[in-house]
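These notes concern the structure reproduced below.
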Amino acid sequence: MKSLIFVLLLGAVFAEEDKIVGGYECTKHSQAHQVSLNSGYHFCGGSLVSKDWVVSAAHCYKSVLRVRLGEHHIRVNEGTEQYISSSSVIRHPNYSSYNINNDIMLIKLTKPATLNQYVHAVALPTECAADATMCTVSGWGNTMSSVADGDKLQCLSLPILSHADCANSYPGMITQSMFCAGYLEGGKDSCQGDSGGPVVCNGVLQGVVSWGYGCAERDHPGVYAKVCVLSGWVRDTMANY
């Protein structure tokens, strides 16, 4: 188990090895909900879900961090960025570091984000997305490519896989709070450094980049936290915290 999970968690340690595999450069600011979690370096992604709150993966937890919004080229100041520190970082109470179940956390910002054409929130789901729905995953994670400019936000279109295909890919490891997306033949996937980032389907945040076996490997699609199952906790926490 640890060897499987360790592959994705490398992104939180080796910040230079960051990007999406088999994707393309996102249209600039088309993913205006995408944020970078920073602790002196980019270590995970996240999604702005209101002017005060960001959703990310629980395995990306740090007690204090800085959220960078409005980014495209992560190493260049383009004049669109907002840098806001966290006031609270809250993991799902049933998150398990053993099997990465309920891999979601909320970050409350010390001040509201300014919403504009470069920074805006993504909607939370009111229902789960159907199998085969095409979604966009984005991030500054490992491209495993010498051609792709991974300092610029990368995007990838992926279909949601059936629970059966997901469970067959990872026997005994998939819970009701997880889903798989991608291609069983491999070649396209999220990777190290993308953890915590968004999976957006028809304008709705359906997934959080969580774990997988390697990156873009055959019969091992990416595994994502299933936001539609976890959104009750997200909404309750934002309302009551």
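Each Cβ is built from the backbone N, Cα and C atoms, and glycine gets one as well.
Record source Swiss-Prot places Cys228 in a disulfide bond whose other cysteine, from Cys44, Cys60, Cys128, is Cys128.
Note: Swiss-Prot links Cys26 through a disulfide bond to Cys155 (candidates: Cys155, Cys166, Cys180, Cys191). Cys135 is paired in Swiss-Prot with Cys201, the candidate among Cys60, Cys180, Cys191, Cys201 named as its disulfide partner. When the candidates Cys60, Cys166 are compared with Swiss-Prot, only one is recorded as disulfide-bonded to Cys44, and it is Cys60. Secondary structure at Cys180 (disulfide bond), as computed by DSSP, is strand.
Candidate active-site residues: His59, Asp103, Ser195. Nearest to Cys228 (disulfide bond) by Cα distance: Asp103.
The recorded positions close to Cys60 (disulfide bond), defined as a CA atom within 10 A of its CA, are Asp103, Ser195 out of Asp103, Cys128, Cys135, Cys155, Cys180, Ser195.
Cα spacing between Cys26 (disulfide bond) and Ser195 (active site, charge relay system): 17 Å, rounded to the nearest whole number. Restricting the recorded positions Cys128, Cys180, Ser195, Cys215 to those with a CA within 10 Å of the CA of Cys44 (disulfide bond) leaves Ser195, listed by sequence position. Cα of Cys128 (disulfide bond) to Cα of Asp103 (active site, charge relay system): a span of 17 Å.
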